[in-house]
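Q: My questions will all concern the structure given below.
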Amino acid sequence: MARGSGAGGGGGGGGGGLELSVGVGGGGGARGGGGGEAAAAVETAAPISLGRLILSGMVAGGVQYGWALQLSLLTPYVQTLGLSHALTSFMWLCGPIAGMVVQPCVGLYSDRCTSKWGRRRPYILTGCVLICLAVVVIGFSADIGYAMGDTKEDCSVYHGSRWHAAIVYVLGFWLLDFSNNTVQGPARALMADLSGRHGPGTANSIFCSWMAMGNILGYSSGSTNNWHKWFPFLKTRACCEACANLKGAFLVAVIFLSLCLVITLIFAKEVPFKGNAALPTKSNEPAEPEGTGPLAVLKGFRNLPTGMPSVLIVTGLTWLSWFPFILYDTDWMGREIYHGDPKGTDPQIEAFNQGVRAGAFGLLLNSIVLGFSSFLIEPMCRKVGPRVVWVTSNFLVCIAMAATALISFWSLKDFHGTVQKAITADKSIKAVCLVLFAFLGVPLAVLYSVPFAVTAQLAATRGGGQGLCTGVLNISIVIPQVVIALGAGPWDELFGKGNIPAFGLASGFALIGGVAGIFLLPKISKRQFRSVSMGGGH
């Protein structure tokens, strides 16, 4: 979703005052993986038109299309293969690992790549090929598991575990996470490299616009229940309607990503990097390159600007309040709102699948609201200050997460059993849930912009080090994701499954984050504030 996804947004590219291209995935920023000092050693490319710059960033839309499907469909789907609700969160551990390991390494290598095709395009091509492979493995995991020895019963009859398919699926899921991280950083850096007279701010806006477009198309695809009707050959003995819909959506993702990739490779003309060139400083004196990677980021804790530790604390609390919903939003719709069960009776399975599709539609609404809200962040911060905007968004998330629990209880008020056994739901409740999804687009826009803008401004007042500060900020995002991935499933299991306990905990974290923000966040100049988008991603 132009969501954070979870880990793995874009790394590099950036520069130019407070304009900073940032991602969740490790060590990004104005330097990491994107144009940093090594960019100075590249011959200046010929200026390109705005239209060509726009087409050069199209690959971001293709990558985000697949990421939107991953966010909306994959947590619910893996439960149909046998993985328990309590264990599904562990599957998402790969995100922060990929962000911390892949992003810095790819950023470093792409900065110094001497290929005749340029520094960024070889990594973009490699990453996209791996993404296509990963989504095919995920989409056909049930069929692969069937061939490897899973039950030979028809999927319309057998609803038990299929462990070969589940293992294949998880491997594909992890490959997809690593592949996304391989593409995002160089793709952002490519836009910064080519921005020229248009400026990094324009390049960042184009990149984020493509990601928003990918989100909208991806969530629309995920909410569609007709792929198995349009392409009936997708259904097999191991793959029924829900699986065939997933398969169809991912096959379209391969086609769309391939189209976006080809256009980017054609229109993004890079000047090859000369590996023996010096790395100049502002004073035109040679300097040793700054450290790159997780260790350099960890060492940076010793040299943080004033106010940055407080930003890290509030950022961590803010993301702790968001990750449960990011991981389980469509699962919540399938279980608590539509009263389905991925391992239950046929009516329960159908109800669960309907809820997941409704959740994907809710994420579509969320992305649309997020896109419009993003344009309002900078004016609001200039008027009342980024601290007020950030704190207010945390309190809104607190209310929204508490509302999910209240809506869940409302949905079950006439049923005296467990979440998984209720089969009916009120249409008004479903409508309220969609409104809630859309409403959350507003604080999500704040989450994707304000913390990074505050970090950029603190670094600027210190006289530099934006890439380092952003890399350190990334740690305050990755650690909460690890905490939620390890703890959300067992926490829900402790209270009797369902998603209500995790959402209740998220509400508490949002409240603490809001209160902490009031007392800890540094005062930032309203007049000098410049909005910075992390551009979604993982």
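Just so you know, glycine gets a Cβ as well, placed from its N, Cα and C.
Sharing the features that Swiss-Prot gives for it:
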| type | residues | note |
| --- | --- | --- |
| TOPO_DOM | 1-52 | topological domain 'Cytoplasmic' |
| TRANSMEM | 53-73 | transmembrane segment |
| TOPO_DOM | 74-81 | topological domain 'Extracellular' |
| TRANSMEM | 82-102 | transmembrane segment |
| TOPO_DOM | 103-123 | topological domain 'Cytoplasmic' |
| TRANSMEM | 124-144 | transmembrane segment |
| TOPO_DOM | 145-162 | topological domain 'Extracellular' |
| TRANSMEM | 163-183 | transmembrane segment |
| TOPO_DOM | 184-198 | topological domain 'Cytoplasmic' |
| TRANSMEM | 199-219 | transmembrane segment |
| TOPO_DOM | 220-247 | topological domain 'Extracellular' |
| TRANSMEM | 248-268 | transmembrane segment |
| TOPO_DOM | 269-306 | topological domain 'Cytoplasmic' |
| TRANSMEM | 307-327 | transmembrane segment |
| TOPO_DOM | 328-357 | topological domain 'Extracellular' |
| TRANSMEM | 358-378 | transmembrane segment |
| TOPO_DOM | 379-388 | topological domain 'Cytoplasmic' |
| TRANSMEM | 389-409 | transmembrane segment |
| TOPO_DOM | 410-433 | topological domain 'Extracellular' |
| TRANSMEM | 434-454 | transmembrane segment |
| TOPO_DOM | 455-470 | topological domain 'Cytoplasmic' |
| TRANSMEM | 471-491 | transmembrane segment |
| TOPO_DOM | 492-499 | topological domain 'Extracellular' |
| TRANSMEM | 500-520 | transmembrane segment |
| TOPO_DOM | 521-538 | topological domain 'Cytoplasmic' |
Q: Where does the mean pLDDT land for the topological domain 'Cytoplasmic' (379-388)?
A: 89
Q: Can you find at least 3 Cβ pairs under 8 Å between the transmembrane segment (358-378) and the transmembrane segment (53-73), where each pair is 6 or more residues apart in sequence?
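A: In contact, yes.
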Q: Under 8 angstroms for C-beta pairs, at least 3 of them, ignoring pairs fewer than 6 apart in sequence. Is the transmembrane segment (82-102) in contact with the transmembrane segment (53-73) by that rule?
A: no
Q: Within the topological domain 'Extracellular' (220-247), count helix residues (DSSP H, G, I), strand residues (E, B) and coil residues, in that order.
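A: So the topological domain 'Extracellular' (220-247) is made up of 17 helix, 0 strand, 11 coil.
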